[in-house]
Amino acid sequence: MNTALAQQIANEGGVEAWMIAQQHKSLLRFLTCGSVDDGKSTLIGRLLHDTRQIYEDQLSSLHNDSKRHGTQGEKLDLALLVDGLQAEREQGITIDVAYRYFSTEKRKFIIADTPGHEQYTRNMATGASTCELAILLIDARKGVLDQTRRHSFISTLLGIKHLVVAINKMDLVDYSEETFTRIREDYLTFAGQLPGNLDIRFVPLSALEGDNVASQSESMPWYSGPTLLEVLETVEIQRVVDAQPMRFPVQYVNRPNLDFRGYAGTLASGRVEVGQRVKVLPSGVESNVARIVTFDGDREEAFAGEAITLVLTDEIDISRGDLLLAADEALPAVQSASVDVVWMAEQPLSPGQSYDIKIAGKKTRARVDGIRYQVDINNLTQREVENLPLNGIGLVDLTFDEPLVLDRYQQNPVTGGLIFIDRLSNVTVGAGMVHEPVSQATAAPSEFSVFELELNALVRRHFPHWGARDLLGDK
C-alpha cells in the first residue's frame with residue numbers, strides 16, 4: 001500500500017471513515033495539453049510523485065522502466081507513469097488519452113493526459129469534453145506555438161472556462177523572469193481571439209525539477225503566486241448547468257411490475273422537486289412529479305448531475321430520448337441547427353451525406369446541408385471548404401429527420417452535444433456542439449389529440465416497417 005495513503009487512513013480513523021471523507025470532497029476534472037514534448041506526461045508524473053500517490057511497486061517498476069525507456073539520464077522519467085502504451089514509451093510521445101486519479105486533503109482530481117500531435121486532435125477533443133479546467137503547457141524555450149493556440153481553441157470550444165498556462169522547463173532558461181513575462185504577454189494577446197469569458201492564470205514551473213508544481217520554488221524568488229497544485233485545489237468551478245433551466249433526458253423506462261412505472265436518467269441541468277409540474281417534449285403532454293426515486297431511497301428534490309428515476313402522477317407515453325422540463329417553459333422543437341463539428345473519420349464530411357446522430361439518449365438521423373467554414377485552428381481564421389477532413393473543425397448546417405429539443409452547447413453540454421454515427425459500420429465518426437438551433441418545427445401539437453399522438457408514437461416505435469410519419473415533425 002502507498003505509505004501516504006496508509007497515513008491518511010490512519011489519520012481518519014480507519015478505512016470506512018476515510019472513504020466517507022473522500023465522498024464529501026469536491027471533484028475537479030482537468031486535462032493537460034500543449035505542443036509535442038512540452039512535458040505534459042512529466043508534469044502529471046510529478047504531481048503524482050510529489051503528492052505521494054505512487055505505490056511502492058509502481059515506484060520500483062518506474063526505476064526499471066526509466067533505465068530501459070527513460071529520456072532523463074540517471075533521473076526518474078516521471079512521464080512513464082502515464083505513457084502506458086508500448087508505442088508511446090518507445091516513441092516518447094503520448095498517443096491515447098490517459099486518465100489518472102489522485103487526491104489531496106482538499107480535493108479529488110481526475111486528470112486527462114491528452115496527445116499534443118495534430119493527427120490526434122480527435123483524441124484531445126475527447127479528453128476535453130468532460131473537463132472543467134485545462135492546463136496548457138508551454139516550453140519556455142519555444143514560447144507560444146501553433147499547437148498551443150489549437151489546444152486553447154478546442155478547450156474553449158468544448159466549454160472549458162478555466163485555463164492555467166503552465167510555462168514549463170524554466171530550468172532550461174535559467175528561471176528567467178523576462179522570458180516568463182514575454183510568453184505571458186504573447187499568450188494574452190492571442191487569448192483575446194478566444195470566445196467566452198475566460199479565467200486565465202499563469203504559473204512558471206519545471207516539471208522535471210518540481211519547481212512550483214507542488215511546492216514553492218527557491219529558484220524563482222520573483223514569482224510570488226500560488227503553485228500549480230494550489231491553483232488546482234482552490235479554483236472555484238461554477239457549473240453552468242446548475243443555473244440553467246431543468247432538463248431531464250429519459251434514458252430508460254423502468255417498469256419492473258404493474259404497480260411501478262418510472263423514467264430513469266441523469267438530470268442534465270437545473271433542479272426538480274416532488275409536486276413540480278413538468279412537460280414532456282416533443283409531445284407537449286404535461287403531468288406532475290409524484291416521486292423522485294434514487295439508489296438511497298426517495299428524495300424530495302434532485303439537482304443537476306444526479307442519477308434519478310421520476311414517477312409521474314399520470315400514465316402518459318414517454319420513451320427513451322424524450323425530454324422533461326418545467327411546464328411553464330416554452331422551448332420549441334427544431335429540425336435544423338448550426339453545429340460546431342470535430343470530424344474523427346478518414347472519410348471527409350461532405351454536404352448531402354446523412355448520418356445517425358445521438359443526443360441526450362435520443363437517436364435519429366441528420367443530413368448535412370452545408371459547411372459554412374472550417375476553422376484553421378493554428379491561427380483561428382475561417383476558410384471556405386468543400387468538405388471537412390479528419391481532425392477538421394468547422395461550422396456545419398444540419399437538418400434532422402424529426403423535431404429535436406436542443407440547447408446551445410455552451411449552455412447545456414448534454415442537450416447541446418451530439419455524436420455522428422456511420423449508418424453502415426456503426427462507428428462514431430464525429431462530435432458536434434450545437435451552435436444555434438435555427439428553425440422551428442411547424443406542426444402544432446394542438447392539431448392532434450393526445451390519443452392520436454400516443455397511437456402514432458406506438459406505431460412508429462413497434463412497427464417501423466410501416467413507414468408511419470411523425471405527426472409532429474413531418475407536416
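Glycine is treated like the rest: Cβ placed from N, Cα and C.
In Swiss-Prot, the annotation region 'G2' applies to 92-96, one of the ranges 92-96, 272-276, 452-456. In Swiss-Prot, the feature region 'G1' is placed on 34-41, out of the ranges 34-41, 346-353.
Swiss-Prot tags one of the stretches 168-171, 192-195, 244-247 as region 'G4', and that stretch is 168-171. Within the set 69-72, 113-116, the record from Swiss-Prot flags 113-116 under the feature region 'G3'. Taken through DSSP, the region 'G1' (34-41) splits into 2 helix, 1 strand, 5 coil.
Of all the binding-site residues listed here (Gly34, Asp37, Lys40, Thr114, Met170), it is Asp37 whose C-beta has the fewest other C-beta atoms within 10 angstroms.
In three-state terms derived from DSSP, Met170 (GTP binding site) belongs to a helical segment. Across the region 'G2' (92-96), the model assigns an average pLDDT of 51.
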